[in-house]
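Read through the structure below, which is laid out as structure tokens, and then see the notes.
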Amino acid sequence: MATISFSHNHQSSDNRRGGSHHHRHGPVVEEIEGLIKVFNDGCVERPPIVPIVSPTIHPSSKATAFDIKLSNDTWTRVYIPDAAAASPSVTLPLLVYFHGGGFCVGSAAWSCYHDFLTSLAVKARCVIVSVNYRLAPEHRLPAAYDDGVNVVSWLVKQQISTGGGYPSWLSKCNLSNVFLAGDSAGANIAYQVAVRIMASGKYANTLHLKGIILIHPFFGGESRTSSEKQQHHTKSSALTLSASDAYWRLALPRGASRDHPWCNPLMSSAGAKLPTTMVFMAEFDILKERNLEMCKVMRSHGKRVEGIVHGGVGHAFHILDNSSVSRDRIHDMMCRLHNFIHPS
């Protein structure tokens, strides 16, 4: 898994000077350096910082992958372990995964996600559907949540359709054993999609949501936590406080504060009906204290929550950091995910 370095120096429109920041689309009004640039006329630029890869997987990886287009805006990448593909009678848990990127960047085809999910499908023995959802600011929230719910609905409809849909791979999925997962903003999406699904009860007879897996979930709030205030963490983390604030400005409905329930679920949905939840946190992540508080509040509402803090690593280390420390933590994460998906 390649190491990817991000420079998260945020620049707002009021601290730029000179003509270098002007463009045929007008001045830049929001920028997270190296990741996204938003112009006055609404034009958005996203530099190609991470390679986009096809679903091709080397045979030694012991899995297959392919893409399925659902609409003009949404598609999925499906990962199936060879162990399941080789046996017609084998069915595996289904894990629906949402990539991170502050709701504003990222892709299910990014090489770092492709590598991680290929490995996860094999080591956790599950079929993975990785969702490529609409991005902000062109599509502000709740667009990503809507896309997530629509993917779950599509899976259910394909499973029960007399036409079969994609039987060759759906026959490998056990819809009575489904998990929603994601990292960073993708973990936020997994959480909000789970809240919607559980509240609606729409799929109760066709889909059993067994658990939620939140890796470094991207939540926020107007009040700062201690880990958000400790700026030295920014040197070890892929997410800085200024970048976090910029992502929320671009993703939330216009005029909303960081106490909006989509950003700060403690304001509304911490008591929502949810299945067992596993939350991964990182020592040098600015989100650590907020995630710990989220676990505490969910437990106080009677939820079953397992929280894990990995030491010596920062935000999204599992896809961005190839150090020996990170590799050790990734191995631990994979083992815990396997045991969560396949409880003894």
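Including glycine, each Cβ sits where the backbone N, Cα and C put it.
According to Swiss-Prot, the protein has these features:
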ACT_SITE  S184  active site
ACT_SITE  D285  active site
ACT_SITE  H315  active site
COMPBIAS  1-10  compositional bias 'Polar residues'
REGION    1-24  region 'Disordered'
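In sequence order, G100, G101, G102, I215, H216, P217, F218, L239, H315, A316 constitute the residues six or more apart from S184 (active site) in its chain with CB-CB distances below 8 Å. Around the Cβ of D285 (active site), the number of neighbouring Cβ atoms within 10 Å comes to 27. Other C-beta atoms found within 10 angstroms of the C-beta of H315 (active site) number 30, with every protein chain shown included.
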